[in-house]
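Notes follow once the structure below has been shown.
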Amino acid sequence: AGRSEPRPPRAPPGPSCPPAPGPAAAARTLRAGAAMQEPLLGAEGPDYDTFPEKSSPSPGERTRGGAPQNRRVFLATFAAVLGNLSFGYALVYTSPVIPALEHSLDPDLILTKTQASWFGSVFTLGAAAGGLSAMVLNDLLGRKLSIMFSAVPSAAGYALMAGAHGFWMLLLGRTLTGFAGGLTAACIPVYVSEIATPGVRGALGATPQLMAVFGSLFLYALGLLLPWRWLAVAGEGPVLVMVLLLSFMPNSPRFLLSRGRDAEALRALAWLRGTDTDIRWEFEQIQDNVRRQSTHMSWAEARSPHMYRPILIALLMRFLQQLMGITPILVYLQPIFESTAVLLPPKDDAAIVGAVRLFSVLIAALTMDLAGRKVLLFVSATIMFAANLTLGLYVHFGPKPLTPNSTVGLESVPLGGTEQPLATPSSYLTLVPLVATMLFITGYAMGWGPITWLLMSEILPLQARGVASGLCVLVSWLTAFALTKSFLLVVNAFGLHVPFFFFAAVCLASLVFTGCCVPETKGRSLEQIESFFRTGRRSFLH
């Protein structure tokens, strides 16, 4: 009888009531409930995070929580992309070596035009084989072990070239380093995209291309100082450091979950995100996605639009990327400069282009998550079109070098049957090849170079990611081989201007392809991207 009447259930508790949650806790509860009801693809706004550690943190909280969270991801990424540094180094190894071998004192190592063509292009055949093996190794060994395995053929290839006493040793060494490059090209982007958070995945997605560019610049710089055999010896260093660092890094949590190693996947994710981060939501999201795709892709599933559309987009992007001419231009960069009238020594020109390429990729890494992927692809293709057109016009109508100093006979007669004026060393017109090449490299490195790798790892469905990434690399390097092998043949038959005009036409085609087929993935998780291809919801693209 002495008890007071209880409060009505609908009346809110007073502020002095102990059991009542505080305002911050109540807000978190309401926001968490709303987030659980909101579909992933329906979320809008630049600050959207698929796996928030806490609801709507302030900018200061984000900075304090994000730094340690991403620091370990950065470390693991750096360890992996050392393989790309070795790849970039090996790709342009022929640029200073072909001229040196043409004047070799060893008759067994003097290169003819045909041998120089094979020495430059066989790397791409090895890379195609590496991409093919990645279709199996990526899902059999996992991303990390596949990257580490690439050190075996890479080290063997550099050793063969360093001690070469015949042309066959050069070819075999070049093929082995190409195989390692193709394997890492398929595995590293997938590994990086699977360990990164959505907020930094764009920047980290540019690091494979960034390190490949740094490797090329490293080669160009050493080429000014070291003989060609010691260049091969120096290539062993990044490979050994990569294996050492990767030994302490975790495997991809998505791969571990796909193999039923849930406890190991949880430990890997906890290490990558930091001990103070709540990883439950992210782990459950990945776990659900992996569970839905726990079986291998069948032919019936491969015919489904949500499977073949992203794979086809990735394949066409890699195909167009190579048709723009990046590989033959990098492989024959110094001989190209020696076949045109240039103001500076060809070796210096090649090193300058390497430095510009590195700077351009840094720009792409910083702007990829701000400007978006498609905007950079548009800008990139436009710049490359202008550069290729300029190079073609200069070679066709511009001055010729005073002496035929081409090391591989890129051109031996005046183009088009007309006598172009001879250039004097002080003519500023002879800066055009260097400036146009720098422009081409800038355009490629800020868009179609890194973004193609990033989009491949982002849009491929998890169920087919290992196989499809290997297939993309296979197509890419088979195309690169065809271009690199035929480049010298076309130049000798029709002139150096013809390939550049062809590359310019491909750049125009890539603008149409980007506008029609490429989705914008900025700020989206891998699960969101995959869900878009399943549902086709246009709101994802806005």
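Residue 1 is the first one shown; counting continues down the chain.
Placement of Cβ uses the backbone N, Cα and C atoms for every residue, glycine included.
Keep in mind that TrEMBL annotations are predicted by a computer and have not been checked by a curator.
Some features that TrEMBL has for this protein:
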| type | residues | note |
| --- | --- | --- |
| REGION | 1-68 | region 'Disordered' |
| COMPBIAS | 9-22 | compositional bias 'Pro residues' |
| COMPBIAS | 23-35 | compositional bias 'Low complexity' |
| TRANSMEM | 73-98 | transmembrane segment |
| DOMAIN | 76-522 | domain 'Major facilitator superfamily (MFS) profile' |
| TRANSMEM | 118-138 | transmembrane segment |
| TRANSMEM | 145-161 | transmembrane segment |
| TRANSMEM | 167-191 | transmembrane segment |
| TRANSMEM | 203-222 | transmembrane segment |
| TRANSMEM | 228-249 | transmembrane segment |
| TRANSMEM | 311-330 | transmembrane segment |
| TRANSMEM | 350-368 | transmembrane segment |
| TRANSMEM | 375-397 | transmembrane segment |
| TRANSMEM | 431-455 | transmembrane segment |
| TRANSMEM | 467-494 | transmembrane segment |
| TRANSMEM | 500-518 | transmembrane segment |
Recorded stretches the transmembrane segment (228-249) and the transmembrane segment (118-138) touching, at least 3 CB pairs under 8 Å: no
Recorded stretches the transmembrane segment (350-368) and the transmembrane segment (500-518) touching, at least 3 CB pairs under 8 Å: no
Ranked first among 118-138, 145-161, 311-330, 500-518 for CB pairs under 8 angstroms with the transmembrane segment (375-397): 500-518
Selection from 145-161, 311-330, 500-518, the stretch that has most Cβ pairs under 8 A to the transmembrane segment (73-98): 145-161
Among 118-138, 145-161, 167-191, 431-455, 500-518, stretch most in contact with the transmembrane segment (311-330) (C-beta, under 8 angstroms): 500-518
The transmembrane segment (467-494) touching the transmembrane segment (167-191) per 3+ Cβ pairs under 8 Å rule: yes
Recorded stretch, among 118-138, 431-455, 467-494, 500-518, maximising Cβ pairs under 8 Å relative to the transmembrane segment (203-222): 431-455
